[in-house]
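Working notes, beginning with the structure itself.
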Amino acid sequence: MKRDFIDTKDYTQAEIQYLIDLGLQIKKDIKAGDYPQLLSNRTLGMLFEESSTRTRVSFETAMTQLGGHAQYLAPGQIHLGSAESESLGDTAIVLSRLVDILMARVATHDTIETIANAATVPVLNGMTDYNHPTQEIGDIITMAEHLPAGKKLSDCKVVFVGDATQVCVSLMFVATKMGMQFVQYGPKGYQIKPETLAIGQKNAEVSGGSVLITEDTDQAMRDADFVYTDVWYGLYESPLSYDERMAIFYPKYQVNDELMAKAAKHAKFMHCLPANRGEEVTDSVLDSDASVAWDEAENRLTAMRALLVYLMAPIIDYSDDTLNNLKDPALKDLLNNRIDSTK
C-alpha cells in the first residue's frame, strides 16, 4: 500500500524519529563522499502552483544525489485543474503512470488532498495554505543536530515568535509529536486557531509535551532552547497593508539581541527563510553564532532525501547487491529495519 506525506498527524513519533535518523545517516554518508544510489532510475514529478527556492532545489538535488531524476511541472506548462484543462484527479492519475512519486506545492490544502486521493504513487506535500510538513522534518532534524548538552528533543522548549503562519502551525505539530514544549509568542488575532491548537494539545497529551500561546515575553522566552520566527509580510496573504502589519508586530515581536537574551544562554535561532532582515529578525541575530538558519536551510535537503527514500522503499526491491554495496552498514541496517505503522 502506498503512503503519502501530507500531514505529520498521519505519522507516529517512532516514524518521525526514523526519518530523523535516516536523514542524518544519508547526510553523513554524502558528506563523506558516498552517494548511495537508492533511487536509481526513479523519477519525481514536481507540481508547483506557488514559487519556491528551497523546496524545489532540495527535491531536485536529493533525487540527483540518490541516482534519480526530478521533473519540474509548472501550471502554465501542463494541464493542471483549470476550467479549460484536465481535472486535478485525472492529472494525478496520468502522472502516476509516468513517474514514481509526486510532490506538489499548491495554494490550498484541498488541492493536495485531491491529488493524493487520485494518485496511485506516493504524494508529498510541498506546502499548502494549511501546513508545510517537509519543513517540519527539516526543522526537527536541525533541532536534533543542535541539542543542548545532555538534552533529548523531549527535554527541549521551542518558541515561535510572531504570526500563526503555516510554518508556525507545522512547528507545533512536529514539536508536540516529539514531546517538546511548544510556545507561540504572538499577538491576539494572530495566534493559532483553537481547532488547530487542539491537534497540538492532543499530540502533547500522548507524547508528554506541552503547548502554550502567550503574549507575555518573559513567560515565552524563559529557558527557551530554540527561538524560531517567520516573515510578517509578503509571503502570506493579508488584507492589511505593510505599515499596518508592521504596527502589529514591531518592535515587540522582533527577534533581536534583547529578546534572545531572555532565552537560555545556549539557545539557537531558527528561521524557515527567506528572511526580511530588520523586520522579524535583526542582522545581529540572523548572522550570529547562535543562528542555525543556514543549517536549517541545508536540512531541507536532508529531509527530502529521507522522505523520498522512505516513501519509495516499499516499491523498490533492493537487491542484496545494492545493500551490500553501501559503504556504511548503518544505512543498510536502517533500510532493513524500516518503521511503518501501517503494516
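In case you wondered, yes, glycine gets a Cβ from its N, Cα and C as well.
Carbamoyl phosphate binds SER52, THR53, ARG54, THR55, ARG56, ARG105 as Swiss-Prot records it, and from the list HIS69, HIS132 the residue named for this site is HIS132. Within 10 Å of the C-beta of LEU273 (putrescine binding site) there are 16 other C-beta atoms, taking all protein chains into account.
Cα distances from LEU273 (putrescine binding site) to the recorded positions LYS27, SER52, ARG54, ARG56 are smallest for ARG54. Once the Cα atoms of SER52, THR53, ARG54, THR55, ARG56, ARG105, HIS132, the listed binders of carbamoyl phosphate, are compared pairwise, the greatest separation found is 14 Å. On its own chain, LYS27 (site 'Important for structural integrity') has ASN299, THR302, ARG305 as residues at least 6 apart in sequence with a Cβ closer than 8 Å to its own Cβ. Comparing C-alpha positions, HIS132 (carbamoyl phosphate binding site) sits nearest to CYS272 among the recorded positions GLU145, HIS271, CYS272, PRO274.
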